Amino acid sequence: MTIESILSAIDSFIWGAPLLILLSGTGLYLTLRLGFIQIRYLPRALGYLFKKDKGGKGDVSSFAALCTALAATIGTGNIVGVATAVQAGGPGAIFWMWLVALLGMATKYAECLLAVKYRVRDKNGFMAGGPMYYIERGLGIRWLAKLFALFGVMVAFFGIGTFPQVNAITHAMQDTFNIPVLVTAIIVTLLVGLIILGGVKRIATASSVIVPFMAILYVTTSLVIILLNIEKVPDAILLIIDSAFDPQAALGGAVGLTVMKAIQSGVARGIFSNESGLGSAPIAAAAAQTREPVRQGLISMTGTFLDTIIVCTMTGIVLVLTGAWNNPELAGATVTNYAFAQGLGTSIGATIVTVGLLFFAFTTILGWCYYGERCFVYLVGIRGVKLYRLAYIMLVGLGAFLHLNLIWIIADIVNGLMAFPNLIALIGLRKVIIEETKDYFQRLKINHYDQDEVIK
């Protein structure tokens, strides 16, 4: 057996039914116990994005913290991941992506609430938080907290944080603009170095500018394609729903599609895209300027909504409208490139996808640098931060030259490992989550003067 085949077997085991059920089951439990908070309070959560928490303590604004999380979350999964999910499981995979995103919003709310509640100030005066802190301070299990932090550093160094993103950037630039991989790799590495050596505030500043711009550009282009093909939209949505339960209803009666394959593809890629339950977003949420854990939890859960319900849905619908998903000669980013070119009737569509992929992947690199750094500091202290950042920058450059299949196998393994300690903590601290939520909304109800503020 080769190393790649051994790692592939480990990957299949980690991302098998137990983890998928645990992730979805945790989301379902929290959804029910919190009274469908992700639906009832989504308008309030979206409103909080643009309102400061007066007197809140933290390093960056709640909006900047969300953008840092979105920078790490919105990446190649929104373009390449959706395409691979629909090709593997049919259009029905999009339906299961919607479902896992809906449940994942409750999970994201819970983990980011805990991040603010159990955060601390480090020796440099910065806010530090995330699963490692609420596992240690909430559950009192320090070895499990250290295990999570170790997995977090591994993901940043060898997983979704670096290798898949820079590989996607360099090869997309070569395919679309004929720019050599080495040239793009050097430029990306230098840009990443300039930003991350400035620390969390520089990452947050860059993310606050890049993330909204790239998301608006990508979604606007998708909407243009949808409007140009508006007469096909009802049939496309019906196909997505029908093939979720009857894959043979898919265009062309795609051979080998099953309900289980649609579910597995949609759930796995949905979670891979929005990261709900993996424990990454809480690390960014802990830096937010806020007094209220619940308030930040509400803000953070909008990240899953924006990532999957909005951005991934746009990709999925365009793939179905144009029929690109059912072309066996296409794979990965080329599927989405083809879909957007067909949808707009010009090669400009493919260019927009490549530019979107460039920005999405670049900001994912920035966001994961911060996540890995917080985990690294938890393990060894603040003194090794500069060494960590230099190592991260060098690994970014390396990712352009590694074999693509091996990159994604390693990324899947370490990304999946992060989820287990975090989900154990969410289940173990479920009473804290429920009590904090009830307390916040009770205080909000009795404050008749300002419904956006609560009284202590």
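Including glycine, each Cβ sits where the backbone N, Cα and C put it.
According to Swiss-Prot:
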type	residues	note
TRANSMEM	12-32	transmembrane segment
TRANSMEM	63-83	transmembrane segment
TRANSMEM	86-106	transmembrane segment
TRANSMEM	143-163	transmembrane segment
TRANSMEM	179-199	transmembrane segment
TRANSMEM	208-228	transmembrane segment
TRANSMEM	237-257	transmembrane segment
TRANSMEM	305-325	transmembrane segment
TRANSMEM	348-368	transmembrane segment
TRANSMEM	390-410	transmembrane segment
TRANSMEM	414-434	transmembrane segment
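Here the transmembrane segment (179-199) does not lie next to the transmembrane segment (63-83) in space: the count of CB pairs under 8 Å, restricted to residues six or more apart, is fewer than 3. Scored on C-beta pairs under 8 angstroms, the neighbour of the transmembrane segment (414-434) with the top count among 12-32, 86-106, 208-228, 348-368 is 12-32. Among residues of the same chain six or more beyond the transmembrane segment (63-83), those with a C-beta under 8 A of the stretch's C-beta atoms are 49-50, 94, 97, 160-161, 164-165, 168, 200, 203-208, 210-212, 214-215, 218, 269, 272-275, 280-281, 284-285, 287-288, 296, 299-300, 302-303, 306-307, 311-312, 315-316, 319, 325, 331-333, 335-336, 353, 356-357, 360-361, 363-364, 366-368, 370-371.
Taking every listed stretch (12-32, 305-325, 390-410) in turn, the largest tally of C-beta pairs under 8 A with the transmembrane segment (208-228) is reached by 305-325. Residues 23-24, 27-28, 30-31, 34, 37-39, 42, 236, 239-245, 247, 250-251, 254, 257, 259, 261-267, 269-271, 273-274, 276-277, 301, 304-305, 307-309, 312-313, 316-317, 319-320, 325, 331, 335 of the same chain lie 6+ residues outside the transmembrane segment (86-106) yet bring a C-beta within less than 8 angstroms of a C-beta in it. A Cβ distance under 8 Å defines the sequence-distant neighbours of the transmembrane segment (348-368), meaning residues of its chain 6+ beyond its ends; these are 68-76, 78-80, 155-156, 160-162, 164-166, 168-169, 172-173, 175-177, 188, 191-192, 195-196, 203, 206-207, 210-211, 213-214, 217-218, 221, 225, 280, 284, 333, 336-342, 396. The transmembrane segment (390-410) is not in contact with the transmembrane segment (12-32), judged by fewer than 3 CB-CB distances under 8 Å for residue pairs 6 or more apart in sequence.
Within its own chain, the transmembrane segment (143-163) is flanked in space by residues 72, 75, 130-133, 135-136, 272, 279-280, 283, 364-365, 367-369, 371-376, 378-379, 391-392, 395-396, 398-399, 402, 407, 410-411, 413-415, 417-418, 421-422, 424-425, which lie at least six positions past its ends and keep a Cβ under 8 Å from the stretch.
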